[in-house]
Amino acid sequence: MRPFSLEVSLHLPWAMAAHLLPVCTLFLNLLSMTQGSRDPVVPNQPFTTIWNANTEWCMKKHGVDVDISIFDVVTNPGQTFRGPNMTIFYSSQLGTYPYYTSAGEPVFGGLPQNASLNAHLARTFQDILAAMPEPRFSGLAVIDWEAWRPRWAFNWDTKDIYRQRSRALVQKQHPDWLAPRVEAAAQDQFEGAAEEWMAGTLKLGQALRPQGLWGFYNFPECYNYDFKSPNYTGRCPLNICAQNDQLGWLWGQSRALYPSIYLPAALEGTKKTQMFVQHRVAEAFRVAAGAGDPKLPVLPYMQLFYDMTNHFLPAEELEHSLGESAAQGAAGVVLWVSWLSTSTKESCQAIKEYVDTTLGPSILNVTSGARLCSQVLCSGHGRCARRPSYPKARLILNSTSFSIKPTPGGGPLTLQGALSLEDRLRMAVEFECRCYRGWRGTRCEQWGMW
């Protein structure tokens, strides 16, 4: 089903666009009855790496060609941040997102319950059409809103201002109420408005570009940052899981989940990365299943560096992040690189060398391992996911069976070799199949929408 021709309204004034919102809502109701997610993200590719980096600047500004085309990576034409395969919306690029500045000044009302959702959706209507001119857009559509979190309990530290101002708003409306009643009302108002804003934005995006994989960056969160604990396991705290369970409306409205597996600098050299990543990815699968859609694509966001540093991830850490995501059955990963990392010729050259020598071969290894496992175990109609009893298993190719070599004269890397009987048996023991939509059976060999 295609949406009505909204693209002709690209330059509608806000007021006129607002009149179309009821039509969008009606369309969304019809859309929800035919909901489906394409599995895999790229045809015949059970695990996909998406490049969300503005490395076009390396070529345009510094003459450094970061060539990722030879590594089986999906990117936008020209390696732009936003395009037909991958579009990310930051808070200033989508609608009228309410928040407080670092100085405590409100922008667009500051609080979601104190802002105009209609004005936001009218502006969002135009922003989506401008960023995604093709009605059949079928790439990743990621919304990055980080000022506040939709659960009251999650707004701590600098985000506590949203709880403080919510209480003040209720107290102003009801000066005779006691603190417990104010607290309860403030929480209800904030969480209710946060749901309306986030779910409403997703619904509008899906109405306008129904084939896009819409979702919010860094949801779900796991908050497993207690690295200094001598008994660190990486597990998400139980109270965090309980809070995530209250966000069923968000998981149910999303068309993909984008948890963050950015590696904090404190993890460097600790040997705890695998535990950290394992449970962050697992939490995404858990909430998807809890929302009734275990086949919802999970695409973790990762970086080339330890977070907030210029230290590239060594090959071992790529195995613990990229490889761990693939082993759990993720549809892929999104590789994000900040603008700052492409600001100088030296930084661009460093990225190019890292991609050529470390990242590229790792991507090819994991992508090929996932594809071969899909073909061997799942008839090519599903992706392999690690069995719970083998928490260390990876879809990493056996170095005695395969080698990765450059093509003479430049060009794509070449994977040489074949799965041995031992490799196949290991896959069968350590992994099981998660069938794509429409397929079933132990080996995903049976077609039918049952």
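Backbone N, Cα and C atoms are what each Cβ position is placed from, and that goes for glycine too.
The annotation active site, proton donor is assigned in Swiss-Prot to GLU146. The disulfide bond feature in Swiss-Prot is assigned to CYS58-CYS348, CYS222-CYS236, CYS373-CYS384, CYS378-CYS433, CYS435-CYS444; the stated evidence is similarity to another entry. What Swiss-Prot records for 433-444 is domain 'EGF-like'. According to Swiss-Prot, the feature N-linked glycosylation site maps to ASN85, ASN231, ASN365, ASN398, an assignment based on sequence analysis. Annotated signal peptide per Swiss-Prot: 1-35, in sequence order, evidence recorded as sequence analysis.
Structure coloured by features recorded in Swiss-Prot.
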{"residue": "CYS58", "record": "disulfide bond", "Cβ within 10 Å": "25"}
{"residue": "ASN85", "record": "N-linked glycosylation site", "Cβ within 10 Å": "20"}
{"residue": "CYS222", "record": "disulfide bond", "Cβ within 10 Å": "24"}
{"residue": "ASN231", "record": "N-linked glycosylation site", "Cβ within 10 Å": "5"}
{"residue": "CYS348", "record": "disulfide bond", "Cβ within 10 Å": "22"}
{"residue": "CYS384", "record": "disulfide bond", "Cβ within 10 Å": "30"}
{"residue": "ASN398", "record": "N-linked glycosylation site", "Cβ within 10 Å": "13"}
{"residue": "CYS433", "record": "disulfide bond", "Cβ within 10 Å": "23"}
{"residue": "CYS435", "record": "disulfide bond", "Cβ within 10 Å": "21"}
{"residue": "CYS444", "record": "disulfide bond", "Cβ within 10 Å": "21"}
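Within the domain 'EGF-like' (433-444), the DSSP-based counts of helix, strand and coil residues read 0 helix, 5 strand, 7 coil. With the fewest other Cβ atoms inside 10 Å of its Cβ, the least crowded of the disulfide-bonded residues CYS236, CYS373, CYS378 in this structure is CYS236. Within the set of recorded positions ASN85, CYS378, CYS433, the entry lying nearest in space to CYS236 (disulfide bond) is CYS433 (CA atoms). If you compare Cα positions, CYS58 (disulfide bond) sits closest to CYS384 out of the recorded positions ASN231, CYS378, CYS384, CYS435. The most crowded of the recorded positions listed here (GLU146, ASN365) is ASN365, judged by how many other CB atoms sit within 10 Å of its own CB. Only CYS384, CYS435, CYS444, from the recorded positions ASN231, CYS384, CYS435, CYS444, place their Cα within 10 Å of the Cα belonging to CYS378 (disulfide bond).
A distance of 12 Å separates the Cα atom of CYS373 (disulfide bond) from that of CYS444 (disulfide bond). Across the structure, CYS348 (disulfide bond) and CYS384 (disulfide bond) are spaced 35 Å apart at their Cα atoms. Reported as a whole number, the C-alpha separation between CYS435 (disulfide bond) and ASN231 (N-linked glycosylation site) equals 36 Å. Closest by Cα distance to CYS222 (disulfide bond), from the recorded positions ASN85, GLU146, ASN365, CYS433, is GLU146. Rounded to a whole value, the Cα-Cα separation of CYS433 (disulfide bond) and CYS384 (disulfide bond) is 5 Å. In the three-state DSSP scheme, CYS384 (disulfide bond) is classed as strand. Here the Cα atom of ASN231 (N-linked glycosylation site) is found 32 Å from that of ASN365 (N-linked glycosylation site). Taking the C-alpha positions, the distance from the residue listed as 'active site, proton donor' to ASN85 (N-linked glycosylation site) comes to 23 Å. Between ASN85 (N-linked glycosylation site) and ASN365 (N-linked glycosylation site), the C-alpha separation comes to 23 Å.
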